[in-house]
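Visitor: A single structure is presented below for examination.
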Amino acid sequence: MRKIIIAGNWKMYKTQAESLDFLKALLPKIADDHEEREVVLCTPFTDLGLMSKSLHGTRVRLGAQNIHWADEGAFTGEISGSMLTEMGVRYVIVGHSERRQYFGETDETVNQRLKAAQRHGLTPILCVGESKAQRDAGETEAVIFAQLEQDLVDIDQNNLVVAYEPIWAIGTGDTCDATEANRVIGLIREKLTNKNVTIQYGGSVKPNNVDEIMAQPEIDGALVGGASLEAESFARLVNYV
């Protein structure tokens, strides 16, 4: 049975005060009849402690946006798995395209971060996807398959979420056609040894397209950026029809 996971990635948004205001608005709007859907908020590191306390006893799980592969050490600006688990974090995003593009993360370091997450009992959300140039060149499958092959070396697929995020659709307002997203996610599933891995779609998921996206048979959830920053829009995604 594949788990449905709707995860918000707040990126570098929301102070602690803003996070509390968001939760106060969100929690009453999440329908109780959708308890089989896992709801995750991946917040900035500065929000994790407060959010952990505030989310206790709710159906929302706490996620982080990155993890270092070392358990400790002289790695200025990084955060370890034990630091995250101490905060009550359950999920962690690994290999987001913004990390790969702006901070030089490679498939090798993504693999190391995945291993660190699993070593500490965290469920990693592995992001894979192609650029506009790669899609236009007909390289979508080759790019994604290469990422999967390198990223998943010695990774336990029983504790893994994959997010297909076409880079050209992130924050642009351009959404990958739902049927095309379903096709690509189906190809990703074929490459996995565990066919029950939750595979999300990420890329301009909004209240006006979430129903069509989630109606696709291969899509098990969404990794949401901008639409997760407003309580009303994120609640609409969680409560998709």
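Counting starts with 1 at the first residue shown.
Backbone N, Cα and C define each Cβ position, glycine as well.
Sequence annotations record features per position, and here Swiss-Prot assigns active site, electrophile to H96 based on sequence analysis. For E165, the entry in Swiss-Prot reads active site, proton acceptor, with the evidence type sequence analysis. Annotation comment: Swiss-Prot describes N9, W10, K11, G171, S204, G225, G226 as substrate binding site.
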Visitor: In whole Å, note down how far the CA of E165 (active site, proton acceptor) lies from the CA of G225 (substrate binding site).
Guide: 11
Visitor: To which of the recorded positions K11, H96 does the lowest count of other Cβ atoms within 10 Å belong?
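Guide: Among the recorded positions K11, H96, the sparsest Cβ neighbourhood within 10 Å belongs to K11.
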Visitor: When you tally the Cβ atoms that lie within 10 Å of each candidate's Cβ, which of the binding-site residues (G171, G225, G226) has the highest tally?
Guide: G225
Visitor: Excluding N9, W10, K11, G171, S204, G225, G226, which residues of the same chain place their Cβ within 8 Å of the centroid of the Cβ atoms of the recorded substrate site?
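Guide: Surrounding the site, in chain order, are I170, V224, A227, S228, L229.
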Visitor: Please report how many Å separate the Cα atom of W10 (substrate binding site) from that of the residue listed as 'active site, proton acceptor', as a whole number.
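Guide: Taking the Cα atoms only, W10 (substrate binding site) lies 15 Å from the residue listed as 'active site, proton acceptor'.
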Visitor: Which residues does N9 (substrate binding site) neighbour through Cβ under 8 Å, counting only same-chain ones at least six apart?
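Guide: Expected: C42, Q65, I93, H96, G202, L223, V224, G225, S228.
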Visitor: Write down the Cα-Cα distance for the residue listed as 'active site, proton acceptor' and G226 (substrate binding site), rounded and given in Å.
Guide: 14
Visitor: Taking only the Cα atoms, work out how far S204 (substrate binding site) lies from E165 (active site, proton acceptor), in Å, as a whole number.
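Guide: Answer for this pair: 9 Å between alpha carbons.
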Visitor: Between the Cα atoms of K11 (substrate binding site) and E165 (active site, proton acceptor), find the distance and write it as a whole number of Å.
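Guide: Distance (Cα to Cα, whole Å): 15 Å.
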Visitor: I want to check the contact list for E165 (active site, proton acceptor): same chain, sequence separation of six or more, C-beta distance under 8 angstroms. What comes out?
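Guide: Residues satisfying the criterion: H96, S97, C127, V128, G129, Y201, G202, G203, L223.
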Visitor: Taking the Cβ of W10 (substrate binding site) as the centre, count every other Cβ atom within 10 Å, in any protein chain shown.
Guide: 22
Visitor: Which of the three DSSP states, helix, strand or coil, fits N9 (substrate binding site)?
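Guide: Assignment for N9 (substrate binding site) reads strand.
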